[in-house]
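Working notes, beginning with the structure itself.
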Amino acid sequence: MRIVFAGTPEFAVSSLRAAARHHEVVAVYTQPDRPAGRGRGLAPSPVKLEAVARGIPVYQPESLKDAAAQQQLRDLQPDLMVVVAYGLILPKAVLAIPTHGCWNVHASLLPRWRGAAPIQRAIQAGDAKTGVCLMQMEAGLDTGPVLLHQELPIASTDTGGQLHDKLAELGAQVLSDGLGLLRAGIKPIARPQPEQGVTYAHKLDKAEARLDWAQDADALARTVRAFNPWPIAEATLAGERVRIHGAVALEADHGQAPGTVLAAGRDGIDIACGQGALRLRVLQREGGKAITAADYLNARRDLRVGA
């Protein structure tokens, strides 16, 4: 079976490996090299690096909307196109090129969290579980029928990065299962998504990372987890702007104004919130690296309870 794989970030690498394990991946599509790092030199995507290491031809069109790019894909004579976090829109004409259409690995239990940031939004919302769907693509945004799915519980300590890694591996497994069925001559049953329960996982914005102490501590703790490793939550702590890499919510009937330091010790720095308190455990000062609350307190001798 001739497979064309389309993906860009690290999340897609596990799925590329799964596709290449027992099938012929005739080409990989990924986004063009982008400026990265302090030197802002052009850097290849993680998927491109994996494809090059495997000797798979790589294509990097700016768009798949023009006729030349579509003909290039058509010339590959794909039986199936697998799309995982590619980042480019696939027009209807592209969806119709492969014999079996285009499959997408999506990191949520559709129709919940359609869109760009399903992993982080699931944590932010306090969802007890998430998962991966293998979807038959159509023109709408993540609206296609689901071929296979697998659930995954969200641990109370999961960060966005940790859940990302779990779902990347789960996505590869679900894709492998689907490809195995197709190779055996069994096309998975396409089940339309329910009309109820649709939510959208909008792209992360750095402005969202700014914590408001007037909010509920549980919600703030979830944001800290969801936004680690990017964009990392930030807040003002006793007059200083800090980034918060790790925090937990506490039940506290404090009666203090939001943002007040309630306690400070080796276990963390407790901050009054609109409801409850947030214990800051890992922080980062501007220009510095992430450090424990104990090390932060050693550096900020001026920090006082009640500030």
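If you go along the chain as it appears here, the first residue is 1 and each next one adds 1.
Including glycine, each Cβ sits where the backbone N, Cα and C put it.
Taken verbatim from Swiss-Prot:
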BINDING   S108, L109, L110, P111  (6S)-5,6,7,8-tetrahydrofolate binding site
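One way to see the shell of the (6S)-5,6,7,8-tetrahydrofolate site is to take the Cβ centroid of S108, L109, L110, P111; the remaining same-chain residues with a Cβ within 8 Å of it are H106, R112, W113, R114, P118, G131, C133, D142, V146, H149, Q193, G197. Long-range Cβ contacts of S108 ((6S)-5,6,7,8-tetrahydrofolate binding site) within its own chain (separation 6+, distance under 8 Å): R114, P118, I119, A122, T130, G131, V132, C133, A201. Residue with the densest Cβ environment among the binding-site residues L109, L110: L110, by other Cβ atoms within 10 Å.
In sequence order, D142, T143, Q193, P194, E195, G197, V198, T199 are the residues of the chain that are 6 or more apart from P111 ((6S)-5,6,7,8-tetrahydrofolate binding site) and have a CB within less than 8 Å of its CB.
In this structure, L109 ((6S)-5,6,7,8-tetrahydrofolate binding site) belongs to neither helix nor strand by DSSP; it is coil.
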